[in-house]
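Report on the structure given below.
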Ligand code: PNW
(Lines of atoms letter the chains of each structure in order from A and count residues from 1; the text may use other names and numbers.)
(Lines give C-alpha, C1' and ligand atoms only; values in the text may rest on other atoms or scores of the structure.)
Protein backbone atom coordinates (compact mmCIF):
# COMPACT_ATOMS: atom_id res chain seq x y z
CA UNK A 1 0.00 0.00 0.00
CA UNK A 2 1.43 3.39 -1.01
CA UNK A 3 1.25 5.75 1.95
CA UNK A 4 1.30 9.51 2.17
CA UNK A 5 4.15 11.01 4.22
CA UNK A 6 3.52 10.75 7.98
CA UNK A 7 3.00 14.47 8.39
CA UNK A 8 0.55 14.76 5.45
CA UNK A 9 -2.34 17.07 6.31
CA UNK A 10 -5.82 15.73 5.60
CA UNK A 11 -8.52 18.33 5.78
CA UNK A 12 -11.90 19.52 4.62
CA UNK A 13 -12.89 23.02 3.55
CA UNK A 14 -15.84 25.43 3.50
CA UNK A 15 -16.40 29.17 3.18
CA UNK A 16 -18.38 31.64 5.26
CA UNK A 17 -21.15 32.73 2.90
CA UNK A 18 -21.70 29.20 1.65
CA UNK A 19 -22.42 27.65 5.06
CA UNK A 20 -22.92 30.13 7.90
CA UNK A 21 -26.37 31.62 7.38
CA UNK A 22 -27.25 34.25 10.03
CA UNK A 23 -26.51 36.66 7.20
CA UNK A 24 -28.21 39.61 8.88
CA UNK A 25 -27.88 38.48 12.50
CA UNK A 26 -25.72 39.53 15.46
CA UNK A 27 -24.49 42.73 13.90
CA UNK A 28 -23.22 41.34 10.59
CA UNK A 29 -23.18 43.87 7.77
CA UNK A 30 -24.36 43.00 4.25
CA UNK A 31 -21.87 41.60 1.76
CA UNK A 32 -21.87 41.76 -2.04
CA UNK A 33 -23.19 38.18 -2.06
CA UNK A 34 -26.20 39.15 0.08
CA UNK A 35 -26.94 41.88 -2.45
CA UNK A 36 -26.15 39.89 -5.60
CA UNK A 37 -28.19 36.84 -4.60
CA UNK A 38 -31.19 39.05 -3.78
CA UNK A 39 -31.38 40.24 -7.41
CA UNK A 40 -33.89 38.11 -9.34
CA UNK A 41 -32.24 35.84 -11.90
CA UNK A 42 -28.73 35.93 -10.50
CA UNK A 43 -28.87 32.59 -8.68
CA UNK A 44 -30.62 29.28 -9.23
CA UNK A 45 -34.26 29.71 -8.11
CA UNK A 46 -33.32 33.01 -6.49
CA UNK A 47 -31.61 31.17 -3.67
CA UNK A 48 -29.41 33.04 -1.16
CA UNK A 49 -27.07 32.28 1.73
CA UNK A 50 -29.39 33.83 4.30
CA UNK A 51 -29.73 30.53 6.17
CA UNK A 52 -27.46 28.20 4.16
CA UNK A 53 -26.39 25.30 6.46
CA UNK A 54 -26.95 27.45 9.57
CA UNK A 55 -23.41 26.59 10.56
CA UNK A 56 -23.43 29.78 12.65
CA UNK A 57 -25.65 27.93 15.13
CA UNK A 58 -24.57 24.36 14.36
CA UNK A 59 -20.79 24.67 14.36
CA UNK A 60 -20.33 22.37 17.34
CA UNK A 61 -22.24 19.58 15.65
CA UNK A 62 -20.20 20.13 12.47
CA UNK A 63 -16.92 19.92 14.33
CA UNK A 64 -18.07 16.66 15.90
CA UNK A 65 -18.74 15.27 12.39
CA UNK A 66 -15.24 16.32 11.32
CA UNK A 67 -13.81 14.62 14.37
CA UNK A 68 -15.69 11.44 13.45
CA UNK A 69 -13.89 11.45 10.10
CA UNK A 70 -10.54 11.99 11.76
CA UNK A 71 -9.62 15.11 9.78
CA UNK A 72 -6.47 16.83 10.96
CA UNK A 73 -7.30 20.32 9.66
CA UNK A 74 -10.32 22.42 8.76
CA UNK A 75 -10.19 25.29 6.29
CA UNK A 76 -12.91 27.91 6.75
CA UNK A 77 -13.19 31.60 5.93
CA UNK A 78 -14.04 34.68 7.96
CA UNK A 79 -16.86 36.87 6.72
CA UNK A 80 -15.26 40.31 6.66
CA UNK A 81 -18.66 42.00 7.16
CA UNK A 82 -19.33 39.88 10.25
CA UNK A 83 -16.30 41.28 12.05
CA UNK A 84 -16.33 44.72 10.36
CA UNK A 85 -19.90 45.46 9.20
CA UNK A 86 -18.87 48.21 6.76
CA UNK A 87 -15.46 46.74 5.99
CA UNK A 88 -13.52 49.33 7.95
CA UNK A 89 -13.26 51.16 11.27
CA UNK A 90 -16.03 49.73 13.45
CA UNK A 91 -15.58 46.23 14.87
CA UNK A 92 -18.53 43.91 15.58
CA UNK A 93 -17.52 42.10 18.77
CA UNK A 94 -20.33 39.53 18.37
CA UNK A 95 -18.77 38.49 15.08
CA UNK A 96 -15.30 38.24 16.62
CA UNK A 97 -16.81 36.09 19.37
CA UNK A 98 -18.31 33.64 16.86
CA UNK A 99 -14.96 32.95 15.15
CA UNK A 100 -13.15 32.87 18.46
CA UNK A 101 -15.55 30.19 19.77
CA UNK A 102 -15.27 28.24 16.52
CA UNK A 103 -11.47 28.25 16.75
CA UNK A 104 -11.54 27.16 20.40
CA UNK A 105 -13.93 24.33 19.60
CA UNK A 106 -11.67 23.11 16.75
CA UNK A 107 -8.60 23.14 18.95
CA UNK A 108 -10.52 21.22 21.63
CA UNK A 109 -11.29 18.59 18.96
CA UNK A 110 -7.61 18.44 17.90
CA UNK A 111 -8.41 19.92 14.50
CA UNK A 112 -6.03 22.59 13.23
CA UNK A 113 -7.76 25.73 11.92
CA UNK A 114 -6.71 27.00 8.47
CA UNK A 115 -8.27 30.41 7.99
CA UNK A 116 -9.02 32.17 4.71
CA UNK A 117 -9.47 35.91 5.12
CA UNK A 118 -11.36 36.53 1.89
CA UNK A 119 -13.62 34.02 0.19
CA UNK A 120 -15.58 36.49 -1.96
CA UNK A 121 -18.07 38.02 0.53
CA UNK A 122 -16.84 41.62 0.36
CA UNK A 123 -18.62 44.07 2.69
CA UNK A 124 -21.23 45.77 0.52
CA UNK A 125 -20.23 49.19 1.85
CA UNK A 126 -16.79 48.82 0.25
CA UNK A 127 -18.38 47.91 -3.06
CA UNK A 128 -20.58 51.00 -2.97
CA UNK A 129 -17.99 53.44 -1.67
CA UNK A 130 -14.89 52.21 -3.53
CA UNK A 131 -16.13 50.16 -6.50
CA UNK A 132 -15.00 47.02 -4.72
CA UNK A 133 -11.71 45.60 -5.95
CA UNK A 134 -11.37 48.34 -8.57
CA UNK A 135 -10.76 50.81 -5.75
CA UNK A 136 -7.19 51.98 -5.18
CA UNK A 137 -7.65 52.11 -1.40
CA UNK A 138 -8.83 48.50 -1.15
CA UNK A 139 -5.38 47.04 -0.39
CA UNK A 140 -5.17 49.26 2.69
CA UNK A 141 -8.65 48.32 3.92
CA UNK A 142 -7.89 44.66 3.40
CA UNK A 143 -4.61 44.96 5.28
CA UNK A 144 -6.39 46.66 8.20
CA UNK A 145 -9.01 43.91 8.29
CA UNK A 146 -6.29 41.25 8.15
CA UNK A 147 -4.46 43.03 10.99
CA UNK A 148 -7.59 42.77 13.14
CA UNK A 149 -7.87 39.02 12.44
CA UNK A 150 -4.18 38.39 13.21
CA UNK A 151 -4.53 40.39 16.44
CA UNK A 152 -7.66 38.62 17.68
CA UNK A 153 -7.15 35.06 16.39
CA UNK A 154 -3.43 34.74 15.68
CA UNK A 155 -2.65 33.40 19.17
CA UNK A 156 -4.48 30.23 18.08
CA UNK A 157 -4.49 30.36 14.26
CA UNK A 158 -1.11 29.49 12.67
CA UNK A 159 -2.21 28.90 9.08
CA UNK A 160 -3.51 31.86 7.10
CA UNK A 161 -4.69 32.18 3.51
CA UNK A 162 -5.20 35.77 2.38
CA UNK A 163 -7.38 35.36 -0.72
CA UNK A 164 -9.35 32.49 -2.19
CA UNK A 165 -9.12 32.28 -5.98
CA UNK A 166 -8.57 35.85 -7.14
CA UNK A 167 -9.01 34.44 -10.70
CA UNK A 168 -12.67 33.67 -9.94
CA UNK A 169 -13.21 37.07 -8.33
CA UNK A 170 -11.70 38.80 -11.38
CA UNK A 171 -13.07 36.68 -14.23
CA UNK A 172 -16.47 35.61 -12.92
CA UNK A 173 -17.12 38.72 -10.79
CA UNK A 174 -15.68 41.48 -13.05
CA UNK A 175 -15.52 39.80 -16.48
CA UNK A 176 -18.48 37.51 -17.05
CA UNK A 177 -20.63 38.99 -14.29
CA UNK A 178 -22.00 35.61 -13.18
CA UNK A 179 -20.68 36.09 -9.63
CA UNK A 180 -20.85 39.18 -7.36
CA UNK A 181 -20.47 42.04 -8.02
CA UNK A 182 -21.83 41.04 -11.45
CA UNK A 183 -19.70 43.33 -13.63
CA UNK A 184 -19.25 42.55 -17.33
CA UNK A 185 -16.02 43.80 -18.89
CA UNK A 186 -12.86 42.75 -20.72
CA UNK A 187 -10.64 45.25 -18.92
CA UNK A 188 -11.91 45.33 -15.34
CA UNK A 189 -10.78 41.75 -14.57
CA UNK A 190 -7.14 42.84 -15.03
CA UNK A 191 -7.69 45.94 -12.88
CA UNK A 192 -9.43 44.03 -10.07
CA UNK A 193 -6.73 41.35 -10.13
CA UNK A 194 -4.07 44.02 -9.74
CA UNK A 195 -5.65 45.42 -6.57
CA UNK A 196 -6.24 41.92 -5.23
CA UNK A 197 -2.54 41.10 -5.61
CA UNK A 198 -1.53 44.32 -3.86
CA UNK A 199 -4.05 43.62 -1.09
CA UNK A 200 -2.67 40.12 -0.60
CA UNK A 201 0.90 41.40 -0.41
CA UNK A 202 0.08 44.19 2.04
CA UNK A 203 -1.67 41.78 4.39
CA UNK A 204 1.32 39.43 4.31
CA UNK A 205 3.67 42.30 5.16
CA UNK A 206 1.47 43.27 8.12
CA UNK A 207 1.65 39.67 9.34
CA UNK A 208 5.40 39.37 8.93
CA UNK A 209 6.15 42.77 10.46
CA UNK A 210 3.75 42.85 13.40
CA UNK A 211 2.97 39.23 14.16
CA UNK A 212 6.13 37.22 13.54
CA UNK A 213 6.06 36.26 17.25
CA UNK A 214 2.92 34.22 16.47
CA UNK A 215 5.12 31.94 14.36
CA UNK A 216 2.49 31.12 11.78
CA UNK A 217 2.53 30.73 8.01
CA UNK A 218 0.65 32.75 5.42
CA UNK A 219 -0.04 32.35 1.73
CA UNK A 220 -2.52 32.73 -1.07
CA UNK A 221 -4.79 30.15 -2.73
CA UNK A 222 -5.17 30.18 -6.50
CA UNK A 223 -7.33 27.94 -8.65
CA UNK A 224 -6.23 26.35 -11.86
CA UNK A 225 -7.55 23.62 -14.12
CA UNK A 226 -5.07 21.61 -16.18
CA UNK A 227 -4.72 22.38 -19.90
CA UNK A 228 -3.58 19.42 -21.98
CA UNK A 229 -2.36 20.11 -25.55
CA UNK A 230 -4.97 18.74 -27.95
CA UNK A 231 -2.27 17.43 -30.33
CA UNK A 232 1.51 17.04 -30.31
CA UNK A 233 1.94 20.12 -32.48
CA UNK A 234 4.19 22.88 -31.14
CA UNK A 235 1.34 25.35 -31.60
CA UNK A 236 -1.03 23.36 -29.37
CA UNK A 237 1.67 22.79 -26.76
CA UNK A 238 2.32 26.53 -26.68
CA UNK A 239 -1.41 27.22 -26.52
CA UNK A 240 -1.84 24.96 -23.49
CA UNK A 241 1.07 26.58 -21.70
CA UNK A 242 -0.20 30.04 -22.62
CA UNK A 243 -3.62 29.16 -21.20
CA UNK A 244 -1.98 28.09 -17.92
CA UNK A 245 -0.02 31.33 -17.74
CA UNK A 246 -3.20 33.37 -18.25
CA UNK A 247 -4.95 31.27 -15.60
CA UNK A 248 -2.41 30.63 -12.85
CA UNK A 249 0.69 32.55 -13.91
CA UNK A 250 -1.39 35.75 -13.80
CA UNK A 251 -1.50 35.47 -9.99
CA UNK A 252 1.37 33.15 -9.09
CA UNK A 253 4.11 34.80 -11.20
CA UNK A 254 3.88 38.14 -9.36
CA UNK A 255 4.01 36.31 -6.02
CA UNK A 256 6.90 33.97 -6.95
CA UNK A 257 8.77 35.97 -9.62
CA UNK A 258 7.75 39.57 -8.98
CA UNK A 259 5.75 40.34 -12.14
CA UNK A 260 3.07 39.17 -14.56
CA UNK A 261 4.06 36.58 -17.21
CA UNK A 262 5.67 38.29 -20.20
CA UNK A 263 3.19 36.62 -22.55
CA UNK A 264 0.41 38.51 -20.75
CA UNK A 265 2.28 41.82 -20.95
CA UNK A 266 2.88 41.32 -24.69
CA UNK A 267 -0.68 40.37 -25.49
CA UNK A 268 -2.55 42.79 -23.23
CA UNK A 269 -0.46 45.94 -23.60
CA UNK A 270 -2.05 48.82 -21.72
CA UNK A 271 -4.98 46.72 -20.52
CA UNK A 272 -2.65 45.04 -18.04
CA UNK A 273 -1.80 47.40 -15.17
CA UNK A 274 1.90 47.74 -14.31
CA UNK A 275 3.59 47.22 -10.96
CA UNK A 276 6.13 49.84 -9.90
CA UNK A 277 9.52 48.45 -8.90
CA UNK A 278 8.65 48.97 -5.21
CA UNK A 279 5.43 47.05 -5.72
CA UNK A 280 7.27 44.20 -7.44
CA UNK A 281 9.62 43.92 -4.48
CA UNK A 282 6.71 44.09 -2.09
CA UNK A 283 4.78 41.28 -3.81
CA UNK A 284 7.63 38.90 -4.55
CA UNK A 285 8.01 36.16 -1.96
CA UNK A 286 4.68 36.72 -0.22
CA UNK A 287 3.54 33.12 0.02
CA UNK A 288 4.99 30.63 2.48
CA UNK A 289 3.30 27.81 0.56
CA UNK A 290 1.52 27.29 -2.75
CA UNK A 291 -2.26 26.99 -2.20
CA UNK A 292 -4.00 25.28 -5.12
CA UNK A 293 -7.68 24.68 -5.77
CA UNK A 294 -7.99 22.19 -8.60
CA UNK A 295 -11.17 20.79 -10.13
CA UNK A 296 -10.81 19.68 -13.73
CA UNK A 297 -8.96 19.42 -17.05
CA UNK A 298 -9.59 20.56 -20.64
CA UNK A 299 -7.78 20.20 -23.93
CA UNK A 300 -6.25 23.34 -25.34
CA UNK A 301 -5.60 24.05 -29.02
CA UNK A 302 -4.12 27.02 -30.81
CA UNK A 303 -6.58 29.38 -32.44
CA UNK A 304 -4.96 31.68 -34.97
CA UNK A 305 -7.61 34.34 -34.44
CA UNK A 306 -9.43 33.77 -37.75
CA UNK A 307 -12.24 31.80 -36.14
CA UNK A 308 -14.13 32.53 -32.95
CA UNK A 309 -12.60 30.78 -29.91
CA UNK A 310 -14.46 27.84 -28.49
CA UNK A 311 -14.85 27.96 -24.73
CA UNK A 312 -16.96 25.09 -23.55
CA UNK A 313 -18.38 26.48 -20.34
CA UNK A 314 -16.82 29.84 -20.06
CA UNK A 315 -14.03 29.01 -17.67
CA UNK A 316 -11.19 29.88 -19.98
CA UNK A 317 -10.83 33.44 -18.80
CA UNK A 318 -10.97 36.09 -21.52
CA UNK A 319 -10.39 33.80 -24.47
CA UNK A 320 -9.93 36.59 -27.07
CA UNK A 321 -6.74 37.52 -25.24
CA UNK A 322 -5.32 34.01 -25.36
CA UNK A 323 -6.14 32.54 -28.79
CA UNK A 324 -6.85 29.17 -27.23
CA UNK A 325 -9.70 26.78 -27.99
CA UNK A 326 -10.83 24.56 -25.11
CA UNK A 327 -12.53 21.19 -25.49
CA UNK A 328 -13.36 17.97 -23.69
CA UNK A 329 -12.73 14.33 -24.50
CA UNK A 330 -15.96 12.43 -25.13
CA UNK A 331 -14.68 9.61 -22.95
CA UNK A 332 -14.29 11.74 -19.85
CA UNK A 333 -16.92 11.35 -17.14
CA UNK A 334 -18.58 14.61 -16.14
CA UNK A 335 -19.77 15.78 -12.71
CA UNK A 336 -23.05 17.64 -12.33
CA UNK A 337 -21.11 20.91 -12.90
CA UNK A 338 -20.08 19.38 -16.27
CA UNK A 339 -16.51 19.39 -15.01
CA UNK A 340 -14.55 16.41 -16.35
CA UNK A 341 -13.03 13.86 -13.98
CA UNK A 342 -9.36 13.58 -15.03
CA UNK A 343 -7.06 12.56 -12.16
CA UNK A 344 -3.90 12.56 -14.33
CA UNK A 345 -4.56 16.25 -15.04
CA UNK A 346 -4.08 16.92 -11.32
CA UNK A 347 -0.71 15.15 -11.38
CA UNK A 348 0.41 17.19 -14.40
CA UNK A 349 -0.85 20.40 -12.79
CA UNK A 350 1.23 19.70 -9.68
CA UNK A 351 4.30 18.96 -11.82
CA UNK A 352 3.84 22.24 -13.74
CA UNK A 353 3.70 24.23 -10.50
CA UNK A 354 6.65 22.34 -9.05
CA UNK A 355 8.75 23.15 -12.09
CA UNK A 356 7.68 26.74 -12.72
CA UNK A 357 7.83 27.94 -9.12
CA UNK A 358 10.90 26.09 -7.87
CA UNK A 359 9.63 23.08 -5.94
CA UNK A 360 7.49 24.93 -3.36
CA UNK A 361 5.51 23.31 -0.56
CA UNK A 362 2.07 22.82 -2.11
CA UNK A 363 -1.28 22.36 -0.40
CA UNK A 364 -4.34 21.40 -2.38
CA UNK A 365 -6.75 23.64 -0.49
CA UNK A 366 -9.77 22.43 -2.53
CA UNK A 367 -10.56 19.44 -4.72
CA UNK A 368 -13.93 17.79 -5.06
CA UNK A 369 -17.00 17.25 -7.19
CA UNK A 370 -20.75 17.80 -7.39
CA UNK A 371 -23.25 15.02 -8.03
CA UNK A 372 -27.03 14.77 -7.74
CA UNK A 373 -26.98 12.95 -4.43
CA UNK A 374 -30.09 11.52 -2.85
CA UNK A 375 -30.79 10.52 0.70
CA UNK A 376 -32.42 7.09 0.67
CA UNK A 377 -33.24 5.30 3.91
CA UNK A 378 -30.81 7.52 5.78
CA UNK A 379 -27.91 6.82 3.41
CA UNK A 380 -26.24 8.51 0.46
CA UNK A 381 -24.55 6.10 -1.92
CA UNK A 382 -22.25 8.54 -3.72
CA UNK A 383 -19.95 5.96 -5.24
CA UNK A 384 -18.95 8.42 -8.02
CA UNK A 385 -17.62 10.88 -5.46
CA UNK A 386 -15.76 8.11 -3.65
CA UNK A 387 -14.16 7.13 -6.98
CA UNK A 388 -13.34 10.77 -7.69
CA UNK A 389 -11.51 11.19 -4.38
CA UNK A 390 -9.70 7.90 -4.75
CA UNK A 391 -8.57 8.79 -8.27
CA UNK A 392 -7.37 12.29 -7.40
CA UNK A 393 -5.69 11.21 -4.17
CA UNK A 394 -3.83 8.46 -6.02
CA UNK A 395 -2.68 11.06 -8.53
CA UNK A 396 -1.44 13.09 -5.55
CA UNK A 397 0.49 10.10 -4.21
CA UNK A 398 2.13 9.67 -7.61
CA UNK A 399 3.07 13.34 -7.72
CA UNK A 400 4.69 13.00 -4.30
CA UNK A 401 6.68 9.95 -5.46
CA UNK A 402 7.90 12.10 -8.37
CA UNK A 403 9.29 14.61 -5.87
CA UNK A 404 6.50 17.19 -5.73
CA UNK A 405 6.32 18.65 -2.22
CA UNK A 406 2.58 18.23 -1.76
CA UNK A 407 2.04 18.59 1.99
CA UNK A 408 -1.72 18.41 2.38
CA UNK A 409 -5.11 17.99 0.76
CA UNK A 410 -8.44 19.58 1.70
CA UNK A 411 -11.63 18.05 0.31
CA UNK A 412 -14.19 20.52 -1.00
CA UNK A 413 -16.47 20.41 0.74
CA UNK A 414 -17.12 19.27 4.28
CA UNK A 415 -20.86 19.47 3.56
CA UNK A 416 -23.34 20.44 0.84
CA UNK A 417 -23.75 24.21 0.78
CA UNK A 418 -24.72 27.33 -1.16
CA UNK A 419 -22.91 26.79 -4.46
CA UNK A 420 -22.90 30.49 -5.49
CA UNK A 421 -24.89 31.11 -8.70
CA UNK A 422 -25.98 27.45 -8.67
CA UNK A 423 -27.63 27.85 -5.27
CA UNK A 424 -28.43 24.59 -3.49
CA UNK A 425 -28.75 22.68 -6.74
CA UNK A 426 -25.15 21.47 -6.79
CA UNK A 427 -23.99 19.23 -3.95
CA UNK A 428 -20.22 19.15 -3.30
CA UNK A 429 -20.31 17.79 0.25
CA UNK A 430 -18.85 14.78 2.00
CA UNK A 431 -21.91 15.27 4.19
CA UNK A 432 -25.42 15.51 2.83
CA UNK A 433 -27.46 18.47 4.06
CA UNK A 434 -31.25 18.40 3.94
CA UNK A 435 -31.90 22.09 3.34
CA UNK A 436 -35.40 21.89 4.86
CA UNK A 437 -34.51 20.28 8.18
CA UNK A 438 -30.79 21.20 8.04
CA UNK A 439 -29.99 17.69 9.12
CA UNK A 440 -26.50 16.41 8.15
CA UNK A 441 -25.73 12.83 7.05
CA UNK A 442 -22.26 11.49 6.23
CA UNK A 443 -22.22 10.23 2.63
CA UNK A 444 -20.47 7.01 1.62
CA UNK A 445 -17.56 9.16 0.41
CA UNK A 446 -17.16 10.66 3.90
CA UNK A 447 -16.82 7.21 5.42
CA UNK A 448 -14.25 6.29 2.75
CA UNK A 449 -12.35 9.54 3.31
CA UNK A 450 -12.20 8.75 7.02
CA UNK A 451 -10.74 5.32 6.24
CA UNK A 452 -8.20 6.85 3.87
CA UNK A 453 -7.13 9.22 6.65
CA UNK A 454 -6.82 6.32 9.09
CA UNK A 455 -4.59 4.38 6.68
CA UNK A 456 -2.86 7.53 5.42
CA UNK A 457 -3.38 6.22 1.90
CA UNK A 458 -5.75 6.27 -1.06
CA UNK A 459 -4.84 2.65 -1.83
CA UNK A 460 -7.56 1.17 0.33
C1 LIG B 1 -14.40 27.22 -6.01
N2 LIG B 1 -14.34 27.90 -12.46
O3 LIG B 1 -15.07 27.97 -6.98
C4 LIG B 1 -14.65 27.94 -4.70
O5 LIG B 1 -13.50 28.23 -3.97
C6 LIG B 1 -15.72 27.32 -3.85
O7 LIG B 1 -16.28 28.31 -3.04
C8 LIG B 1 -16.74 26.62 -4.72
O9 LIG B 1 -17.84 26.15 -4.00
C10 LIG B 1 -16.02 25.48 -5.40
O11 LIG B 1 -14.86 25.91 -6.10
C12 LIG B 1 -16.89 24.70 -6.38
O13 LIG B 1 -17.36 25.52 -7.41
C14 LIG B 1 -14.86 27.89 -8.33
O15 LIG B 1 -15.25 28.31 -13.20
C16 LIG B 1 -15.85 28.39 -9.14
O17 LIG B 1 -13.27 27.49 -12.95
C18 LIG B 1 -15.69 28.41 -10.52
C19 LIG B 1 -14.53 27.90 -11.07
C20 LIG B 1 -13.53 27.38 -10.24
C21 LIG B 1 -13.70 27.39 -8.87
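Cβ from N, Cα, C; glycine included.
Listed features, source TrEMBL:
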- 18, 119, 164, 295, 412, 419, 420: substrate binding site (BINDING)
- 165: active site, proton donor (ACT_SITE)
- 366: active site, nucleophile (ACT_SITE)
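The structure, with features from TrEMBL marked on it.
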| residue | record | Cβ neighbours (10 Å) |
| --- | --- | --- |
| 18 | substrate binding site | 25 |
| 119 | substrate binding site | 25 |
| 164 | substrate binding site | 24 |
| 165 | active site, proton donor | 24 |
| 295 | substrate binding site | 25 |
| 366 | active site, nucleophile | 25 |
| 412 | substrate binding site | 23 |
| 419 | substrate binding site | 21 |
| 420 | substrate binding site | 24 |
Nearest-integer angstrom distance between the alpha carbons (Cα) of residue 366 (active site, nucleophile) and residue 420 (substrate binding site): 16
Extent of the substrate binding site in Å [max Cα distance among 18, 119, 164, 295, 412, 419, 420]: 18
Check: same-chain CB within 8 A of substrate site center, minus 18, 119, 164, 295, 412, 419, 420: 15, 165, 366, 413, 417, 428
Coarse DSSP state, helix versus strand versus coil, of residue 420 (substrate binding site): helix
Candidate binding-site residues 18, 119, 412, 419, 420, pick with smallest Cα gap to the residue listed as 'active site, proton donor': 119
Mapped DSSP class for residue 165 (active site, proton donor), helix or strand or coil: coil
